[in-house]
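Quick look at what TrEMBL annotates:
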- H139: active site, proton acceptor (ACT_SITE)
- D97, G147, Y301: substrate binding site (BINDING)
- D174, H176, D262: divalent metal cation binding site (BINDING)
- 391-409: compositional bias 'Basic and acidic residues' (COMPBIAS)
- 417-441: compositional bias 'Basic and acidic residues' (COMPBIAS)
- 24-316: domain 'Histone deacetylase' (DOMAIN)
- 391-441: region 'Disordered' (REGION)
Amino acid sequence: MTAKQRVSYFYQPEVGHFYYGPSHPMKPHRIKMAHHLILTYGLYRKMECYRSHPASPSEMAAFHTEDYINFLAKVTPDNMRGYSNQMNRFNVGEYTDCPVFDGLYEFTQLYTGASLDGAVKLNRGDCDIAINWSGGLHHAKKSEASGFCYINDIVLAILELLKVHARVLYIDIDVHHGDGVEEAFYCTDRVMTFSLHKYGDFFPGTGHIKDTGAKEGTGFSVNAPLTSGMTDDAYEKIFKPVMSKIMEVFRPGAIVLQCGADSLTGDRLGCFNLTLKGHAECVAFTKSFNVPTLVLGGGGYTIRNVARCWAYETSVLLDTELPNEIPYNDYYEYYAPDFKLHLTPEQRENMNTEASLESVRVDLLNQLIGMKGAPSVQMLEVPPDFEVIKENLEAEKERKSTKEDREGEGMNDGGSGDDKRNRNTKDGKGEKRDHDAELAA
Ligand SMILES: [Zn+2]
């Protein structure tokens, strides 16, 4: 048993007040509900709680283009008619799943700032685990909104972690493929992405098992394509062996864990059948490696269950048991009729067969075993992790050198030129998908 991990929690009270629109499934209110559960369960006493800063345009520009950031900063529901060309170009507006709503840009600043604050705290060695339930918007691209996501706080946080850590592991347990993060780091061996997701006629359409990375990053994208009805047991049988092998061969200095709660049973958009325990088992297992970890939110559209999930996962990160009775709080009525924390899986078939799960597990383990001793991995074992950056001067020096590294050849900034994925995967399911199928269900 290692020393207790120090947990920092980042929150902005305003983040729950933004509204995508009446029929839109993304409800930022769920973050406030989760926060109130965390408070009333008393978990705030066991971690350091911070009000995070709003991210600045220059912080966002570490990944996103300036014209895209400027557009997000300026467009409002009142003036959007004057921006129709840019709305088209950036995939924003009423004909997309990324509407223009009041305070849109401020919302992106809040969730992004909290992820960056978490990454900086981890980089300084001030905590072992940093939590931002408002973050995890994994679909956003360099200059394009996608799947309810505008600014990719995850890519920005990973870039921050790469200032200090030679290798960063990204894990994504959202029901959707973590396409924006994968694309940003598809050609580098400094970031490994591991996404488990529903694949086949489902948003965003990417995440085939054979999409394993390109150039320097070949082998460093790990995709577990799954189908409807995933149970706790089935999920664990993929997650644990693959994760163990990743830790063995990749040996990350830091981890970013996206905990999208739309992989839970009963989600409005998702189609998996995980309980809080199965979902949180991934959190507990990741924590057991005792590597500095940034824990983020993500999708989740049955909002009472999203709040349950992230409150429970906060308790898991704090090694604290929670009573199954939901404590009285401002949103108590949302937890009717049972007012219990934990969820019961639906009685339905897991469409993932034993054989299909075994095949995914074996293919991914083979992909990872094949990497052992890869020159790029050996080369990257050399730079040590900085524990603490004491002087601003040192920090500045580090920032400059990393910036130069990133601007050098083979830079993988998520631009269209960097995306080497084969869009036409052999079964023809690699094309772009929208959310229509799920929303109609
Ligand atoms: Zn999702």
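Using the three backbone atoms N, Cα and C, a Cβ is placed for every residue, glycine included.
In terms of Cα distance, the recorded positions that sit within 10 Å of Y301 (substrate binding site) are D262, chosen from H139, D174, H176, D262.
With a cut-off of 6 Å between Cβ and the nearest atom of ligand 1, the binding-site residues D97, G147, D262, Y301 reduce to D262.
Here the Cα atom of D97 (substrate binding site) is found 12 Å from that of H139 (active site, proton acceptor). Take the mean position of the Cβ atoms of D174, H176, D262, the recorded divalent metal cation site; other residues of that chain with a Cβ within 8 Å of it are H138, V175, H197, G260, S263, L269, G270, G298, G299, G300. Y301 (substrate binding site) has a Cβ environment of 24 other Cβ atoms inside 10 Å.
Other Cβ atoms within 10 Å of the Cβ of H176 (divalent metal cation binding site) number 30 in total over all chains.
DSSP gives D262 (divalent metal cation binding site) a helix state.
Within 10 Å of H139 (active site, proton acceptor), judged by CA to CA distance, lie the following binding-site residues from the set G147, D174, D262: G147. Separating the Cα atoms of D262 (divalent metal cation binding site) and G147 (substrate binding site) is a whole-number distance of 13 Å. When pLDDT is averaged over the domain 'Histone deacetylase' (24-316), the result is 98.
Packing around D97 (substrate binding site) is summarised by its Cβ count: 21 other Cβ atoms lie within 10 angstroms of its Cβ, all protein chains included. The Cβ of D174 (divalent metal cation binding site) lies under 8 Å from the Cβ of G136, H138, S195, H197, Q258, C259, G260, A261, D262, S263, G298, G299, each on the same chain and at least six residues away in sequence. Here the C-alpha separation of H176 (divalent metal cation binding site) and G147 (substrate binding site) works out to 10 Å. Site extent for substrate: the farthest pair of Cα atoms among D97, G147, Y301 sits 14 Å apart.
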